[in-house]
Each structure stands twice: as structure tokens, then as C-alpha cells.
Amino acid sequence: MSKLRVLSGMQPSGQLTLGNYIGALKNYVKLQHTHDCYFMVVDLHAVTVPQEPEKLKDQSEAVTALYLAAGIDPNVATVFLQSTVSAHAELGWLMTTLTYMGELERMTQFKDKAAGKESVGAGLFTYPSLMAADILLYDTALVPVGDDQTQHLELTRDLAHRFNQRYGDTFAIPKGYFPEVGARIMSLDDASKKMSKSSPNAGSYIAMLDAPDVIRKKISRAVTDSGREVKFDPQNKPEVSNLISIYAQCADKTIAEIEAQYEGQGYGPFKKDLAEAVVAALEPIQQRYAEIRSSGELYDILRQGKERAEAQAEQMLKRVKEKMGYVVL
Ligand code: AQP
């Protein structure tokens, strides 16, 4: 039996955070040996907010290198840059024409990102249609993401159904794949907001490439409530619950084990050990990252990924265009 197809991606819109790692990247690594995996760096999505050209290039390379450093094997999974496979932009347009304004207006990520801005690019608004195209181009069965992407994924499923109904069975209907713990890692300074790589406050996130001492400092300053009980209770203790989720994922412990370990001890020892657990999880990735960046192998890997991805994507795009009545030459 052929393996189920998996596809996901991250924006090179800043340094990848612990949220990106726990919410999605860890699952990429886990799924690659049992599934047929495509992992992209979604650089077309990144420009839905302004990006400096030099930074965009550097961050695209950095995200690719972090994929590999975290354990993705480019000989097993296909690793590529979204912009190098032009079928994404083309199907993105076709999906935009299939999407209703009301659907896009309901997207909470758009509302959050547009809030307080004087002018907002149209691409930020239509982003979910491009994301649907990314996924549908590859007959994707599973999409490993954090739960901030649930609403976008639901739209992808709706668009796939809509297209299939209108033009006949074409797209597979994808499902989300979420971590059991840490599907939404929250900001260290405000547990009502998700940890985000584009936050202007670097103290709100832990970047995967933060130095050990920076990680220790950020965790020691992370906001907690005024109590002292290390208890997982997202409703009443969102800050500590967030830290427990991070600990569980970095140290491979259960929530119950962590609660038992720190019973009656207060937040001090818990935060100290948490910082060491995060450092221990990220240090080997950081070492491999440095080796990969200096090895000069990235572009070869991305070229190989582009070829493999393009072969799949072009086939699907052709099928879609034929169904819609385009003359395909
Ligand atoms: N805080 C988070 N907790 C769990 N998962 C998260 N993800 C992002 N933040 C968290 C997951 O990481 C993947 C890549 O996300 P993205 O680059 O497409 O953009 P995003 O979801 O908008 O993430 P950021 O870090 O907040 O980026 P910016 O600041 O550029 O918008 C996705 O699977 C996402 O669910």
C-alpha cells in the first residue's frame, strides 16, 4: 500500500520559535518515515507582510537549515521553497476565485494581523486561499500544524469539497495532525496570545536559535500567576500551564509526571529545570544547524526538492485546469 501524503510549511517571516517546533516541526520529523512527506518553506506567504529582501533570503535558508537540523532527512522527505514551484501561485489564484469574501473575513488570523494597521495588503486577506492551494496540489491526506491553523484548514476542506462538487472529484480532503500537548504554545509575556516569530518583543518567544543563556533569562522572566502550585489548569493558570506544556514536550515527560515532580516546591525549581530542558532539546539542533549552514549543501537539497515537488504539483495543476475548461497545451 502506498504511504499517505503529508504536507506542511513554515513562513520565513522571522526566526522559528519553540511554538513552531512543538506545534509542527516535531511532528514533521516524526511523520517522515511512515508517510510520503513534503515540507516547504512558504516564502510566498511571508510577503503578505513587508519583508526586507536580504532578510527574506537569509530566513528562507535558515528555516530550511532548521528543518534539516531538527531531523528531517531530505533523502526521505521532499524539502523545497514554495516560490520555486510556480504551480502554487497559479492554483492559489484559482482557489482565490473559488473563495467567498465572507469566508476570508471570518478568519481570526487575518483579524489579528490586520488589527490596528492603517493599511493591510490584499495578500494577507487572501492568504488562506493560497494555503489551500499549497495543500490541495499534492493530494495531501495529513497536514501537521499547530491549532492556530485549524480555521485555515477547515477552509481548505470546504474549498476542496466545493471544487469537487462543481467540477467532479479532483482533490483529496485533507485532515489536520496536531500534537497532543502544546498544539498552541502561548507567549511568555502574555498567555492570551500565541507565541509568534514576528512578535516585536523578543522576550515573548524562545527562538530555536536562542543561546542557552538567553533561553534561561527568557524563562526566568516568563510571566506566572502569583500562586506557587505547578498545576496544569489552562483556564485558571494559563501561564504555568503553557510552561508545563513546553516542559512536557522538551523533556518527553507527561503532564502528570511534571505536576508530581514539583508538588509543593513553587515555581522557582520548576522554571530552572524547564530552562535546562529547553536548552537540552535545542542545543543539538543548534549545533547541527551551524554545520548545515556552513556546509554549502542547502541549495542542492532545495533544487532536488523543487524537482520532486514540481513533478507532483504540475500534474495536479494540469488536471485542475482541464476540469475547469482551460485549454491545456
Ligand atoms: N505558538 C504556536 N504554538 C503551536 N504551533 C504554532 N505554530 C506557529 N505558532 C505556534 C505552527 O507553526 C507552523 C508554522 O507557522 P507559520 O510560519 O505558517 O506561521 P504562523 O502560524 O502565523 O506562526 P508564527 O510563528 O506566529 O508566524 P508569524 O509571526 O510570521 O505569523 C504552523 O503549523 C503553525 O500552526
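Yeah, the Cβs are placed from backbone N, Cα and C, and that goes for glycine too.
What TrEMBL says about a protein is an automatic prediction, not a curated fact.
As annotated by TrEMBL, ATP binding site applies to Q11, P12, S13, G19, N20, G146, D147, D148, I185, K194, M195, S196, K197, S198. For 12-20, the entry in TrEMBL reads motif ''HIGH' region'. Feature annotation from TrEMBL assigns L-tryptophan binding site to D134. Residues or ranges marked as motif ''KMSKS' region' by TrEMBL: 194-198.
What TrEMBL annotates, mapped onto the structure for a quick look.
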| residue | record | Cβ neighbours (10 Å) |
| --- | --- | --- |
| Q11 | ATP binding site | 24 |
| S13 | ATP binding site | 21 |
| N20 | ATP binding site | 25 |
| D134 | L-tryptophan binding site | 28 |
| D147 | ATP binding site | 15 |
| I185 | ATP binding site | 28 |
| M195 | ATP binding site | 26 |
| K197 | ATP binding site | 20 |
If you average pLDDT over the motif ''KMSKS' region' (194-198), what do you get?
94
According to DSSP, which kind of secondary structure is D147 (ATP binding site) found in, if we only use helix, strand and coil?
helix
Which state, by DSSP, holds D134 (L-tryptophan binding site): helix, strand or coil?
helix
Just checking: which of the binding-site residues S13, D147, I185, M195 have a C-beta under 6 Å from ligand 1?
S13, I185, M195
Look up S13 (ATP binding site) in the DSSP assignment and reduce it to helix, strand or coil.
coil
Taking the residues the record says bind ATP (Q11, P12, S13, G19, N20, G146, D147, D148, I185, K194, M195, S196, K197, S198), how far apart in Å are the two Cα atoms that sit farthest from each other?
19
Which of the three DSSP-derived classes (helix, strand, coil) applies to N20 (ATP binding site)?
helix
Over the span of the motif ''KMSKS' region' (194-198), count residues by DSSP class, listing helix, strand and coil in order.
0 helix, 1 strand, 4 coil
